[in-house]
Structure formats: structure tokens, C-alpha cells
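See structure below.
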Protein chains: 2
Amino acid sequence: MNGLSCGTSNIVGVRFAVYPMADNFVEIIKGALKEVDTSKVWVQTDDITTCVRGRSEHVFDVAKAVFIQAAKTGTHVVFNGTFSVGCPGDSEGDTYMSEDDIRLNEEASRQESVEAATHFALYPMDNPDYMQVIADQVKTAEKHGTFTKGVHYASRLDGTANEIFASLEEMFVDASKTKERAHVTMTATISANSPSTKDN
Amino acid sequence: MNGLSCGTSNIVGVRFAVYPMADNFVEIIKGALKEVDTSKVWVQTDDITTCVRGRSEHVFDVAKAVFIQAAKTGTHVVFNGTFSVGCPGDSEGDTYMSEDDIRLNEEASRQESVEAATHFALYPMDNPDYMQVIADQVKTAEKHGTFTKGVHYASRLDGTANEIFASLEEMFVDASKTKERAHVTMTATISANSPSTKDN
């Protein structure tokens, strides 16, 4: 798919964290990060979350890769993040927008088949038609076969991590094109290897 | 403070999870839940998140209590959730809105002094003035002494869990009053006992 950055200068970002439910969580997070090539994105980590910014292709590529590399350990791991585009407070000043669209981690991510369950929510800001924008994007997940059902305040997706991130990226990018310089955010809670029984 | 429910029938909800970064995460979560009185809210848990709905006072009371009871174990624990009010898809049909405003867990929460670091973001939907609504609410956290700084796509708060939840609740409730039947959501990532150096 074409990303948001083709023909525009819209910088995309995600603020996220990956939570391995294990005593050796530091090791799992550091191990995952070592496997991921972040050279096409701006990255800043603090004690709460990590922020990744750049072209939409690379932001989704890196977010997916960090989750998959952590989840492939078999530990119960959850990715929790908010994607954002068009935030009036964001700056286009950082470089990285001139990177090409070749994803650096796609090949490694494709090697792994991690089953994941997701709750996501789309927030198209300053848009009276936002409920329709959300409903339209849910149809994309239905088309992909990842949509399971609506829940209070979110929608549920099931599938492999590769399938789920493909749906999330397409919905986010398409929602961002529904308005000139739209400000859209999307939350996603993506869980792998949970000991709980799947509710789908 | 007066909650949202005083004089209105607006149901508030939060969809959240608490992540203890430890091998015994199930035990920590179950132990925390056992300490929390949820009799004044509607609760539904699946394999990804827990949804709590009811009067704003009780939704914040329960969310805070679950986090504090899990974090008081000393384990690195993160709360990640999205609060919501006025969602056009939500129903007022559930009971619980007729509960009184006495918080069932406040006394136990006040006993614990858990230091926490937070990123939060407010999303007032369908509101051309949403950036001003956000800026106004950040002033509340400044007044409380919990505001640390803005970061990309979020704001940072530091303080005890009791202080942070008080700021979050006041900002959320006040933002919800800026418009008739406003639909407002708020994400919060609240971290305790992190081994990382605080970035404040």
C-alpha cells in the first residue's frame, strides 16, 4: 500500500511500550530492540514509553518489528501504543521524511507467525463525521478477515501480528486521508501468548 | 470534586489493563482485584483488557485502586487505559448510574504511597476548539503540581498515584463539561517501580 508520506510531508508517530510479563522483561525488551533496524525513524525512549516518528511505512514497520521480536520469545507480551498524524503540535522539522519507502524490518517480521489479539480505537479529531470515518475503516478490517467484533470503546481484531498490523496501518492511513491535513490518532493494545482464554 | 454524573446521566467508562512485569503476573493481578470493591461499577474482562463503566467517581476509584494494589507489591507495574464519556455507541441502559457518590476504595488507596510516572492525552471529539480544551486542562495539572512537561503526542505527569489519578479525573471531567453531551476520551500510561531512570 501507499503510505501517507507519498506526495505529502505528513509526519507520522507512535508513542508505545511493549510489556513482557516476565522477570526478565528488560532482557526481552533489549533483545527485541537489538533485532530491529530503526535507522529510518526518529526514536526517543524515556522511562514510560518510546516515541517513533517518520514516514508512516517505517513507523508501522518498526512498531510491528519490536512487538514481534519480543513476542517470539513465547512470553506473554503486550504492545500498547497510540499512533498519530497531523497533530498541530508536531513538527515537520526532523529529517527522516526523505527516506525511501523500503521497509527495513518487513522480511524478518514475515518469518515469524505470532498469533495476536487486539483492541483498537480510531480518533479522527475535529471532524463531525468521525463516527462514519471509524465505521468505514472497520470495513477494511472486515475485508482483511481480522475484524472479530465491536466492544465498548474499541473494536477487536484477531490474527497473526503481521495481519493485524497490516489492518491497523491501512485503517490509520485511510482515515488520515478523509480530510485535508487531518489529525487522526489510533490506540492499539496488541496481546500475544496470553494465558487467558480468547474471547472471540 | 463533583463527578460527571451529578445532574446528568452520562455514563463513564475505562478500558484498561494492568501489566506487572513479573513471572507471577497472574497472581499479582488476581491479588489486586481481590482487594478492590467493584460493586458500584459494571465490569467485563476478556483476554486483552478490562472494561469498567458507571459513574465517573466509581470508574476512577476502581481504576486507581487496581493499579495501586498491584503496584504496592513493588513489582514494575504499568496501567494502560482509555477513559471515555459521551461515546455515541455507548448505552445508558446498564444500571449502576443510580449508585451514590461514596467511593468504596478511596480509603484503602490513600493508605498507599506509590510513586508513578504518567503520559496522558485528551481527545475531545468533534470539537474545533479541542487544542484549547487540552491546553486548559493541562493548566489543572500544573495547578496540582503534577505536570512535568509536554512530550510528542502526550503530556507527562509525576507524583504519587493518588495525586496523578486526582489530576487525570479532574481534567477528564472538566473537559467533558466544555460542550453539551461531549464525547471525550483520555489515554493514560501510568508506570510504577520502573528500573529506568526518571526522565523529568
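We number each residue from 1, going along the chain as drawn.
Backbone N, Cα and C atoms are what each Cβ position is placed from, and that goes for glycine too.
TrEMBL: automatically predicted annotations, no manual curation.
Keep in mind that this is a model prediction, so the values were computed, not measured.
Straight from TrEMBL, the features:
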{"type": "DOMAIN", "residues": "B:11-90", "note": "domain 'Thiamin/hydroxymethyl pyrimidine-binding YkoF putative'"}
{"type": "BINDING", "residues": "B:Val18, B:Thr50", "note": "thiamine binding site"}
{"type": "DOMAIN", "residues": "B:116-196", "note": "domain 'Thiamin/hydroxymethyl pyrimidine-binding YkoF putative'"}
Reduced to three DSSP states, the domain 'Thiamin/hydroxymethyl pyrimidine-binding YkoF putative' (B:11-90) has 27 helix, 27 strand, 26 coil
In the domain 'Thiamin/hydroxymethyl pyrimidine-binding YkoF putative' (B:11-90), averaged pLDDT is 96
In DSSP terms, the domain 'Thiamin/hydroxymethyl pyrimidine-binding YkoF putative' (B:116-196) comprises 31 helix, 30 strand, 20 coil
